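Here's the structure we're looking at; comments come further down.
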Amino acid sequence: MATDSIAINVELAGGLEILFNNERKLNVELPATTANGSPPNINYLVGHLCDHHMKDSRRELFELQGTVRPGILVLINDADWELEGEGEYELKPKDQILFVSTLHGG
Amino acid sequence: MEKFSLGSENLDLRKRIAELEKELAEYRSGSVPKPNSDLADAREPTEATDEEAEKLQDDETKPVKLDLDEFRRYGRQMIMTEVGLDGQLQLKRSKVLLIGAGGLGCPAAAYLAGAGIGTIGIIDHDIVEPSNLHRQIMHTVDRVGQPKVISIIESLKQINPYPKYIAHNYPLSPENAIETLEKYDLVLDCTDSPQTRYMISDACVLLGKPLVSASALRSDGQLVVLNDPPGEGPCYRCVFPRPPPAESVLSCGEGGVLGPVVGAMGVLMSTEALKVLLARADRKKRRKPAHLPATADEIKDADSKEEGTVEPRKFYMTIYAAFSDTPFKTIRMFGKRKTCQACSPVATITKESMKNGSLDYIAFCGGQASGRYPPLSKEEIIEVEEYHKLREENKGGVLIDVRDDVQYGMCSLDNSINVPITTILTLPMTTPDEEGKTEDEDVKPIPIPSWLPRDTSTPIYFICRLGNDSRVAVQRLKRSGLLNGNIVKDVRGGLWEWSRKVDKSFPIY
């Protein structure tokens, strides 16, 4: 029997943790099926993180037009999300999702 | 047996010493040309001009040799199988440009100079400041106020006088990027803004130069080798096709940085640079041990066989999060982008468009950083001296310091209260901004925050470190609809100006 939620691990780096009360690692539970009937994907996760985990009011520093803002790399199990289908990638239990903001200092 | 072999080794060594002593005597008597006659130039970095850089091209054909001092100096790395004599000669033949002589550039340059890179160019137009010294380890107290390029070369010569050092004491621009980079074999991006990173990557693609790029902020770092091999590896635009919004970009001055974090990234850059250069060494010239009869042809065959089975190359980025339990991570990158504006067959960026200045990198990255702070009217600004006078007369109203709690804890003005800008930004917005936009239109009235004065006669003054966030706070509070006519002003220039003009004992950081 399918479980009604899937648990994934989210990691934040490159300063994004500041938006999440300095939490670098989050255990996130997502519904196995979202409102539109499909399994949760990365874009869904981004909205979910903003709604339920983000402590900073500046949502635009994380989300833009339904997906992550430019300048944030998304890694799905240590590989660039573009190798996996980007925002459409459907999350599986125990997936490791890493959001890294690009840095420019030096 | 043991005794015998040691005895014969001893004999060999004596012979070799005699040979070396003879060479040394010849060298001292001047019958052998002095090694590295460029040494004199290197002592005067200010004289190493662009004209000299142009001469670099001619040096290409000169055969490269190591003198005895260099054997001794580089011996510890030369005996590594990854280096060898061929590798060391390759390093000496190489010309590397470091863009930025700051937190990344200092350690990277130190190790590259130490490793014996033949020509090291450094471009930077800043001067050394006291706030640089916690991480920019090639600069010193007595060189505060000097150009960074002069200061760094001074230190590098103390590490190794052999390389030729070229100082480029000007800002890199789209107009001069091609000209500056084209004389070098490899570029290290040690800069600190998105616009320079895009510009350097574009120039490297156009010139076919590999690029080692790293960055650091607070306790995080990132490292990636781009355009390597040229034309094959992804460029900066492949990795980041769209620039981040300007308001999300923080410099080390704004966000802070831990010295060893940026240092570690700089050191890793030098390793990657050495790897790129050593890969070009001519291994086929390496002498084979007597028991391996391989000839040059056989080696070539082995190489070509490998080529046939070679897998498509994968590209990685290293990320470092110093305070994480597992600080290093290597992540696999997507690789070259088919629609890349710089390096794909449909690229639109050309040498000409760079040189004639038609590429506006600042606009591409969302404008000057200072443009993101709202302009205020005259009535919304108070100068530090004037505010000081009001305080003396006990008319200072409520002084709200909008820095974060860490900075507020470092130093603050008496009788100020701390409400971080992140909290100010959670205020509702009920009056439209200049574009007529209102957010949270249907928002329910929120309770008046405890830090706001209840009466309309108490003026409210905002202050911060440099006078930027305090401007945002003024505008945001006015738009919140929570006030009933209080005076709201920004203390212009913030605590920095306060320290300069009112109280010199107030810490500047």
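Note: Cβ is positioned from N, Cα and C throughout, glycine not excepted.
Residues or ranges marked as active site, glycyl thioester intermediate by TrEMBL: B:Cys252. Annotation for B:Cys252 (active site, glycyl thioester intermediate): spatial neighbours B:Gly103, B:Asp192, B:Ala216, B:Leu217, B:Val262, criterion Cβ-Cβ under 8 Å with sequence separation of six or more.
Annotation comment: TrEMBL describes B:Gly103, B:Asp124, B:Ser131, B:Asn132, B:Leu133, B:His134, B:Arg135, B:Lys148, B:Asp192, B:Ser193 as ATP binding site. Long-range Cβ contacts of B:Arg135 (ATP binding site) within its own chain (separation 6+, distance under 8 Å): B:Gly102, B:Gly103, B:Cys106, B:Val257, B:Leu258, B:Gly259, B:Pro260, B:Val262, B:Gly263.
A simple way to gauge crowding: the CB of B:Cys238 (Zn(2+) binding site) has 26 other CB atoms within 10 angstroms, across all the protein chains here. Taken from TrEMBL, the feature Zn(2+) binding site covers B:Cys235, B:Cys238, B:Cys340, B:Cys343.
Residues or ranges marked as compositional bias 'Basic and acidic residues' by TrEMBL: B:297-307.
Annotated domain 'Rhodanese' per TrEMBL: B:393-507, in sequence order. Over the domain 'Rhodanese' (B:393-507), the average per-residue pLDDT in this prediction is 88.
The region 'Disordered' annotation in TrEMBL covers B:25-60 (among others).
Positions annotated as region 'Disordered' by TrEMBL: B:287-307 (among others).
Sequence-distant neighbours of B:Leu133 (ATP binding site): residues of the same chain at least 6 apart with a C-beta under 8 Å from its C-beta are B:His139, B:Thr140, B:Val141, B:Val144. Looking at B:Ser131 (ATP binding site) and B:Cys235 (Zn(2+) binding site), their Cα atoms lie 32 Å from each other. Using a cut-off of under 8 A between C-beta atoms, the binding-site residues B:Gly103, B:Ser131, B:Arg135, B:Cys343 that neighbour chain A are B:Gly103. Compared over the binding-site residues B:Cys235, B:Cys340, B:Cys343, the count of CB atoms lying within 10 A of a residue's CB peaks at B:Cys235. Across the binding-site residues listed here (B:Gly103, B:Ser131, B:Asp192), the residue whose Cβ sits among the most other Cβ atoms within 10 Å is B:Gly103. For the domain 'Rhodanese' (B:393-507), the DSSP-based tally of helix, strand and coil residues reads 29 helix, 15 strand, 71 coil.
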